[in-house]
Structures are given as structure tokens and as C-alpha cells.
Amino acid sequence: MTIALGRIPKEENDLFDTMDDWLRRDRFVFVGWSGLLLFPCAYFALGGVFTGTTFVTSWYTHGVASSYLEGCNFLTAAVSTPANSLAHSLLLLWGPEAQGDFTRWCQLGGLWTFVALHGAFALIGFMLRQFELARSVQLRPYNAISFSGPIAVFVSVFLIYPLGQSGWFFAPSFGVAAIFRFILFFQGFHNWTLNPFHMMGVAGVLGAALLCAIHGATVENTLFEDGDGANTFRAFNPTQAEETYSMVTANRFWSQIFGVAFSNKRWLHFFMLFVPVTGLWMSAIGVVGLALNLRAYDFVSQEIRAAEDPEFETFYTKNILLNEGIRAWMAAQDQPHENLIFPEEVLPRGNAL
């Protein structure tokens, strides 16, 4: 018999294995490889928003006050886009515009590009986080795939649209009232509400809200009664082995209400995923079209008839006049450097005037 003395040589982990072990360790807040992208980018994006809305003026870019320091509140403060003259410059702090001067960089709108780019990568990092965790616990990746909808909307609105226009100036500023103004701009300059992709987006988002309400109410209505009494808050103590609610009862109820009903839970939940995500993707595609100045529906025959016949008017022709008014007012206000002057006689007037 042979006895070997000594230690078994330990395999040395390389740097990748060491990092992988630390990053994917089970802890209260999972980090993961995706966290290397998510956490720094989210930190910088949120920090940029808080810094900009607290201290930074938009006087040099838009001629408005936009910070708490200047008297704005939560709804009116914003991190505003750079001036139109800066076009698509990345506005790096060390670039030729700011030349390392932080105050100058803020005045030029550098915080907006900082927040927009870090925000986009933070959202992508969050989607990768869902992929990574799903793989770790052996789930399918539908959460991550669904989150591509909000990412598509953010990237199309904040990055692709202004890239198709003359500069970052025409993107939305990061603020509540600023976003509302951007929506009015979209309506006036692109007739966005009559765009079929916007219609599909509205149908998707509102349809998803309806499906969510119906589904939640139906599950609550058909909870199985058990020995402890059926109540909503047993959800926080999920010890039962059997089904939580009766799909058969729910199917019978909605069959009587509508004549048709979901009979398969997988199809039902896929449909609840499909409706909002498809709506968001359609909206994003529509905004990419607007970046290229593609037009919405035009009912030219109604416009011609309204111009010829003072007694003929439709809600469409009234909206077209409204859009002209928005353009006339917003162009002069938002682009003072263009010196746009509209004489009274060219401003839109309804047939009644």
C-alpha cells in the first residue's frame, strides 16, 4: 500500500473567474456583469437630473428658468436640451465647446447629453440584468424582451428623433412641463395624433391597462376558498399547493359576458405581454419616421373643400388650423435666433372668423 503525503495542488482561478464569482454572488442586491453597466450609468443619469433641476439654468439655451434655484417647482424644473446652434455635438466636458469649464458646460446644455446617453445605457443595463438573472435561475427571458419596449421608446424619442432633426435642441428636455411642451410640438409640427403608429401605441397602452384591470379583478373574483377564509392578503403567505383561482369559473363568466373568453392561461398571459410591448414598439417606429419628417394621414380633399366653402368644416380641418397656430407661436418662441416674424394676416384663422 502506498501513502502519498502532501497537499493537492489548488487550481488557481484567473481574474475572470474571480470577478464572476464576486459579481454573481448571492446577496441582497444582485450585482452581476450587467451591474457594471447599470449601476454607474443609472447613478450618473439620476445625479445629472437632480443636479440640473436643482442648480442649472436654461437661460442660455432656451431663454427660460428651469431650476429650483430660480423658483421652479417639481413640475416646471427641467434639464433642458442644448441650443440649436450646437447641433449634434456630444458636448463633452473636455470638448471644444466647454474646454473643461464645468460652469460653461452646464450653461451650454452639456448635462442633457450626459443624462440622455447615460440614461439610455442604464436602461440597456437593466434589460441585461433581467437576462442575466433569468439565466441564473433558469427562467425564460420574456421580462427582458418586454423591457425592450420602453427602451425603444426612450431611444427613439430622446436620441433618434433629434439625430434626424437639426440638433439635440429638438429633443424633449428632462422635465414634466418640458415633456408636455414637446408633446404639443409633436402635434403642431408632425400632426402626431393622426399618425397610425401613434394610434397603435395608444391602443397598446390603453388596451394593456384594460387587460390588466380585467385580469386582476377576475383573479380576485375567482379565488378558491380555503380553511382560513379566502382573502386577498393570503398572497403574502403563499403556502397552498393547489391552484389559487378557478380558471374554469373565470372562463365561464367571460364566455357569458362577451361570448368568447381565454381558455388557456399561457395564451392569456402572452396576450397581456404582447399588447403593450407591441404598442410601445409601434410608437417607437412612428417616432423614427418623424425623425425623417414622414407625414401622418393627410385628408387633402377636406382641406381644399374647407378653403373653398366657408360653411364646410370638419374636426380634421379644425385641427389642421390648430396645428398651424402651434407652429406659428412655437417657432417664433423656441427659435428666436431665426428671427421669425409672422404678420397677422398669415396667422391661421378659423372659417368663423
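If you go along the chain as it appears here, the first residue is 1 and each next one adds 1.
Using N, Cα and C of the backbone, Cβ positions are placed for all residues, glycine too.
Range with Swiss-Prot annotation transmembrane segment, chosen from 208-228, 250-270, 313-333, is 208-228. Cross-referencing 27-40, 153-166, 167-180 with Swiss-Prot places the feature transmembrane segment at 153-166. With all protein chains in the displayed structure included, the most crowded Cβ environment within 10 Å among the binding-site residues Q130, N143 is that of Q130.
Long-range Cβ neighbours of H269 (Fe cation binding site) (same chain, at least 6 residues apart, Cβ-Cβ under 8 Å): none.
Using a cut-off of 8 Å between Cβ atoms, the transmembrane segment (279-295) and the transmembrane segment (153-166) share at least three residue pairs, counting only pairs 6 or more apart in sequence. Between the C-alpha atoms of H215 (plastoquinone binding site) and H198 (chlorophyll a PD2 binding site), the distance comes to 25 Å.
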